[in-house]
Amino acid sequence: MGDPGHRHTWRGRLLLWLLLALSPALAPAVELEVRELRDDPPVAEVLAGLHDHRLGPAQQRPYIKQATRHVQWWRVTAAEPVDAAGTPRLVMRAPFLYGVEAWAPGAATPTRHALYGPDADPRHSHRALVIDLPAGIPAGEAVWLRVQGRSNVVAPLSIEPLDQVLSDDLVYVGWRSMVFTTLAVLAILGLAFWGGTGERSYAYFSAMLVCAIGYQAAITGDLRWVPGLDVVFGAGPQVNRIFGGLGVVCSNLFIASYLALHRSAPVLNRILHVSTAIAAFTAVGAVFSGSPLLRLSGNLALLYSAAVLLVAATVLSLRGARAARVVLASWSPLMVFCGLAAAEMMGLWVGPTWLEEGLAGAFVLASLLLALGLSDKLLQLRRDRDLASRQATMDPVTKILNRHGIEERLFKEVEDARGRGDTLSIAFVDLDNFKDINDRHGHSVGDQCLRIVSWRLRNQLRRGDALGRYGGDEFLVVLPGHDAQSALRIAERMRVSVECRPLSMPDASVAASLSIGVAELAPGESMSSLFERADTALYASKAAGRNRATAASPPEGLWTT
């Protein structure tokens, strides 16, 4: 491979492989002419050409869209003869609920095709109806299609060789598998996050993805292999309208909750309620009726919601909201594709053949980006929870543990010491004459004195020791791994650190001292007994004139936890 000649050889082979792989895609498309006969006369008359004069004008693009009649005929001809040697197939993409009877040139009987039911063809994927053309399309001949079903779905027509049809089927199945797997996994993750946090936005996110899966499956037949679903999805357009309406409702609720629109943009939130109500009406109405008005209301709700959500996300993004930027990045492509698809369903235009798969890809992209945004929100919730937990155990004046926090820490250290058979001591520390300091200098200076004392005490402790404000002018020090004598030496250092120099502040300079009582945990001793002995030692220091540290006497009798 290092030889230049070999490199050129491999490059040539690679180029040849690419050309072979792309040859079906690069092959010139067969130009088709599609004309409709808005009537359902007898088959023999149609095939004999007796109604050719009634055919509509040729469409600019070859597609079938049968929105006004339930049954009618279509004639498909080729600009040039189609040779049978290439095993050509007439491919009708995105057939939805259309049922087709096809008369190929030279065939005496029709072939029947549908996405659902007994006419479904298991040899091909559900991306299209594939019609065999055993004789090709000779010059002057036509393929006649009798199409049943009324729908605004655009079904493009093309002539493709069998090899390309099979290749496209494989690509389509792989793509749709990726789409549905991604949406399903994200929906499950959303439910897990909702169960773990109770945050409703995760539930709305999962419900939105479930509706997206249902809508895509109803439109394209992805789940027709599941027993019973072929009957449900193939019965009419009601199912996809239900999923579509519920999807708009869930997406509106999700975005409103995720962006907290009720606080950040209350006016837009109220406006969004209107489209949510319309979408809900569409979903509920589709259960009882197949009226075309429901299709119109559903598409209008989708377009209306898309506009409101994009405006809300843009406004909040300009205000610096991080969540809004995530919505804007994820929702913009999806809303563009949804808007284009809705406009096509409303008959405003005819989109490209890749619009359906572009919509599915936009769903996946939006879901992945929103999942990342929700993960970021989950991290923020955890940070907020940790902050609240710290604040619940933190003294606001000294920024060390409060009474609840230091008692929790002592309980943990006592359990660990008993489990390891190790020593543990505590020290009760009292700031002498603190009431006089408050009376003379005020509470602001008193608070500053407590902060300075806590700093000096902390400087005498190891990393594994704990310090907390027990209340008023009292501190509790937890000293794991220290016996009474070692704890007494630490207490003496703490006392000296406060006495050695005044507590200096911008408003005052205060001389201070400490009285300390030290007690070591005895085997089998309860925490209340340990507290009582340390407190007794503290009062002994005060009674002896303050500014000293005293060790408690060993416990008498037997204590149990």
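Any Cβ shown, glycine's included, is placed from N, Cα and C.
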Transmembrane segment range according to TrEMBL, out of 8-28, 239-259:
239-259
What is the three-state DSSP composition of the domain 'GGDEF' (422-554), stated as helix, strand and coil residue counts?
57 helix, 36 strand, 40 coil
Per Cβ pairs under 8 Å, the stretch of 201-219, 330-352, 358-375 packing most closely against the transmembrane segment (173-194):
201-219
Establish whether the number of Cβ pairs under 8 Å between the transmembrane segment (358-375) and the transmembrane segment (300-318) reaches at least three, counting only pairs separated by 6 or more residues.
no
Looking only at residues six or more beyond either end of the transmembrane segment (271-294), which have a C-beta under 8 A from one in the stretch?
236-239, 241-242, 244-246, 248-249, 252-253, 256, 261, 300-302, 304-305, 308-309, 312
